[in-house]
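Report on the structure given below.
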């Protein structure tokens, strides 16, 4: 926006200057009429001449004057040759009362400027237009210059205190900070500080924030660049930018260089369909040389971030280059609470907001997810003109982050509403009965995003690995919705397609990756689906098992799904009263949280408090007998 404004102002100034110069010349040059010598003599004899000025110009006399009937800005101009003609005019002027005014001498500078100014204006305008066409300045010559941004200001530096939920990761980077502050301490002991630190982890876990905090704590210049900024369409530009980056870093040493998304330039050489990318490989080669080549780069530490460390070139990860890898994972419940406290500093929270409870309800959330959750809560509160963010705003924000905004205006038929209620009720009952299944933290039949309703099924605690019974119970929980539809309505709908997708994926990984098939044994088959595929490397990978094994894999997956389906059917049949109670309550209040579900199962009623903005507790009390009878009436209709 600023650049557009500056360009507009520049063009306006150029236009005003041109208009001013043209106006000046037009106003400074009065109307002049060329008059012949004979006519001038006749007018002079007739007494029509009022005033004249005579000025010698290049061998003639330039006579400029006004007739008595002329306007104020009207003049005549005639030229008189030297000699008798001039003497005749001078003698005639002496005999008349014509005013002879001294000639106005024009300064040489004025003449020069009036001649040169139009050319200067044209040149400046042409130069500016050429500048714009080239993208500014000597852009063609600057292709090889680094695009890294240098941060040296002391204000608004990120510190380690601004990074929460990554205590171990921060500790790993403390050595880097100490080296930048006091390198002699390490040199005296013969220690070599890591030249490169690679931050690996899922998106949104704070890799870039950790790098900024490292530079902020050390108080040194901080160069920031993205991996995609190196490679351009022109050959050799990437390598040139790498050289220029390290040249600038040497001038500002000690310093930090942060390369975000380094996999854009550091992926394996020679990989890719149709061969490698020569320009990218040339850039990578130059980066390898600069990091650990013949010329030492003392005082320069490189921090890079990626979420695809599996595709990086091995030469980039060897000791002497990125010889320290720090895994920045999603925070656990304690880390999530710490992250929430950091992002809640500038937000007024109501006393009903419990950050620890929010942390327990958000397993798997990254730091960016938690920041977005609190920001959404602030937006929800502001939309309702509240002064503080309360627990309801947090709940609404959590739902928006997980499933999208509520579609309260969507028109849903009574039949579809019943199907959704019993579908979500099936998930809920399975979560209540099975100890190893994911627990339902919230269930609703309010449409959100693409879903007609949803149940928030989360692990009971943070898990870093899962047992076979846990995985089987998870599949049973996913199938609970479809089974409930079949038991209650005797028919099934398309609402369970996502449940089937997730359940099938778990069963397939149990058989092909985790070795949990009794028939096939502890073997792994094919490409691990837990890791991401790199097409250039994995395209030509052949199937490492026979067609017979492939058939047996399919049979094992079907067996697991069928057994879990039958198990879910048995559980819901035995607990049909709970299914009816939860489904009918959902049809009345639309949304239930974990506390309400527990109280409903234990006492047959909802707890004595408001559950929605529209309904009071007295209006939503239900019991098993009443709701079962209502269901029978509905099915008769």
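Numbers run from 1 along the shown chain.
Heads up, the Cβ atoms here are built off N, Cα and C, so glycines get one too.
Annotated topological domain 'Cytoplasmic' per Swiss-Prot: 1-7 (among others), in sequence order.
For 8-28 (among others), the entry in Swiss-Prot reads transmembrane segment.
What Swiss-Prot lists as topological domain 'Extracellular' is 29-109, and the listing cites sequence analysis.
If you look up Swiss-Prot, you'll see 110-130 (among others) marked as transmembrane segment.
Summarising model confidence by region, the topological domain 'Cytoplasmic' (131-637) averages a pLDDT of 81. Annotation source Swiss-Prot lists topological domain 'Cytoplasmic' at 131-637 (among others).
According to Swiss-Prot, the feature ATP binding site maps to 201, 202, 203, 204, 205, 206, 207, 208. Under DSSP, residue 202 (ATP binding site) is assigned to coil, being neither helix nor strand in the three-state scheme.
Here residue 427 (Zn(2+) binding site) comes close to 440, 443, 455, 457, 477, 478, 480, 481, 484: these same-chain residues lie at least six apart in sequence, with C-beta atoms under 8 angstroms from its C-beta. Following the DSSP three-state reduction, the secondary structure of residue 427 (Zn(2+) binding site) is helix. Swiss-Prot lists 423, 427, 499 with the feature Zn(2+) binding site.
Per Swiss-Prot, active site is recorded for 424. Sequence-distant contacts of residue 424 (active site), defined by Cβ-Cβ distance under 8 angstroms and a gap of at least six in the same chain, are 443, 444, 445, 453, 454, 455, 481, 583, 586.
According to Swiss-Prot, the region 'Not necessary for FtsH function' annotation covers 514-637.
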Same chain only, sequence gap of 6 or more: which residues have a CB within under 8 Å of the CB of residue 205 (ATP binding site)?
166, 328, 329, 330, 331, 366, 367, 368
List, in sequence order, the residues of the same chain other than 423, 427, 499 whose Cβ lies within 8 Å of the centroid of the Cβ atoms of the recorded Zn(2+) site.
424, 426, 455, 478, 479, 480, 481, 482, 484, 495, 496
What residue among the binding-site residues 201, 203, 204, 206 has the most other CB atoms lying within 10 A of its CB?
206
Site of maximum Cβ density within 10 Å, from binding-site residues 207, 423:
423
For residue 201 (ATP binding site) and residue 499 (Zn(2+) binding site), determine the Cα separation and express it in whole Å.
27
